[in-house]
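Undergrad: Here it is: the structure, laid out below.
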Amino acid sequence: MAPSSSIIDTVANLAKRRGLVFQSGEIYGGTKSAWDYGPLGVELKENIKRQWWRAVVTSRDDVVGLDSAIILPREVWVASGHVEVFNDPLVECLNCHKRHRQDHMQEAYAEKEAKKGVTVDPDAVAMTEIVCPDCGTKGQWTEPRDFNMMLKTYLGPIETEEGLHYLRPETAQGIFVNFANVVTTARKKPPFGIGQIGKSFRNEITPGNFIFRTREFEQMEMEFFVEPSTAAEWHRYWIETRLQWYVDLGINRDNLRLYEHPKEKLSHYSDGTTDIEYKFGFAGNPWGELEGIANRTNFDLSTHSKHSGVDLSFYDQANDTRYVPYVIEPAAGLTRSLMAFLVDAYTEDEAPNAKGGVDKRTVLRLDPRLAPVKAAVLPLSRHADLSPKARDLAAELRQSWNVEFDDAGAIGRRYRRQDEIGTPYCITFDFDSLEDHAVTIRERDAMTQERVAISEVSNYLAVRLKGS
């Protein structure tokens, strides 16, 4: 079953209430569509990054890592085409003077018509049919004007044209300008990739949908350099491989789809792009992009060779040929992935209570590799004989995993607190533990319980948290 917009709202509220996500600068009224990640949120982010890095970089012998600067020489963005063509068409409402992306509103209109059984080409939707989402005025729009999405900054003591720089709108260009450095120092040759995780910035005119579209965001990108005749094959490979990554980490396959960009909507560098989309259930278009896998051809290395004067071709000694490699780029949004994992994991079911009845419980059925907290140690009560020994066990386990200790409140309520943040295992230290030197370990999803010797708890978790 696909998530609904009400579940998205519920998950957003849970994220804020449990400290996964806070509005940035909240005590000053907040910044629109800017978010800070709290104690649990930062753990979840780091776990997603760790799984991506392991799958894309360290588990392979044909990919290496890189961490490039956020502020690159301005010439990089001139050469890449971003200064000239990294634009979105904006229209302004003549009544309230709010600006919106024309293509987003056309797509939303077409999606609404589709729900009525009417097929409409978004590009053919006349702006006279579109109602302003801010003031409700219909069809009163200016002609579209291009709006460059790069954020400017100035280096140096005064703001001059010479000091003009940009905050990177993508991490990819830092990889391309280091292509020759990596080939030389890492002794790599095509097919090989360079992976990078880092922040990017885009002056989105209509950010929104919680953490889905923001001006500051993190990307997990990899540029895979190949011999040109093999590009199509490698493109298919990375589409399938990246789709499977989400499924392996617990996303319901029914909530994922592949969307191939029409030729007329491809980016200036692309010969073909396929998006991995998740069915968030947004109003208008329920699908949202998690990751794009593009065949960037040899555009990037060729243009940087031309503008820098540095040869970025590759000489294949075995075949005595020289070529400019094509690039296959899987580019994922970290916080979009985080949002999808949360929405897909959110579940409401029932659990037995101490009175013999059942209570509603909220569970995040996150893959244990992603769960912010791996285990919680819960003494049956706050007792002088129980809490110190339970704390000692938590301290021991904390050497290997992120482990919480909680002795406040009824044990059932403490279970619920851990369930709704996705903790896979709760370890109860009770009065019997003082005699049999064992604890009860409860599994999150099935709520099954197992008695395990205290000396074996670490091994018990190690088997079940492998890969975390």
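Heads up, the Cβ atoms here are built off N, Cα and C, so glycines get one too.
Per Swiss-Prot, the features are:
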type: BINDING; residues: R101, E170, F217, E218, Q219, M220, E221, E329, P330, A331, A332, G333; note: substrate binding site
type: BINDING; residues: 202-204, 212-217, 289-290, 333-336; note: ATP binding site
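Could you tell me the structural context for the features on the list?
TA: There are 17 other Cβ atoms within 10 Å of the Cβ belonging to R101 (substrate binding site). Under the three-state DSSP scheme, R101 (substrate binding site) falls in the strand class.
Sequence-distant neighbours of R202 (ATP binding site): residues of the same chain at least 6 apart with a C-beta under 8 Å from its C-beta are M149, M150, L151, P169, R215, F217.
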Undergrad: For E221 (substrate binding site), what is the secondary structure by DSSP, using just helix, strand and coil?
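TA: It is in a strand.
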Undergrad: What span in Å does the substrate site cover, taken as the longest CA to CA distance among R101, E170, F217, E218, Q219, M220, E221, E329, P330, A331, A332, G333?
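TA: Farthest-apart Cα atoms in R101, E170, F217, E218, Q219, M220, E221, E329, P330, A331, A332, G333 are separated by 26 Å.
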Undergrad: What whole-number Å value do you get for the CA-CA distance of Q219 (substrate binding site) and L334 (ATP binding site)?
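TA: If we compare the Cα positions of Q219 (substrate binding site) and L334 (ATP binding site), the gap is 5 Å.
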Undergrad: By a simple count, how many Cβ atoms lie within 10 Å of the Cβ of P330 (substrate binding site), its own Cβ left out?
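TA: Total other Cβ atoms inside 10 Å, all chains included: 25.
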Undergrad: How long is the line from the C-alpha of L334 (ATP binding site) to the C-alpha of E221 (substrate binding site), rounded to the nearest angstrom?
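TA: For L334 (ATP binding site) versus E221 (substrate binding site), the Cα atoms are 10 Å apart.
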Undergrad: Using C-alpha atoms, which one of the binding-site residues E204, R213, L290, R336 comes nearest to R101 (substrate binding site)?
TA: E204
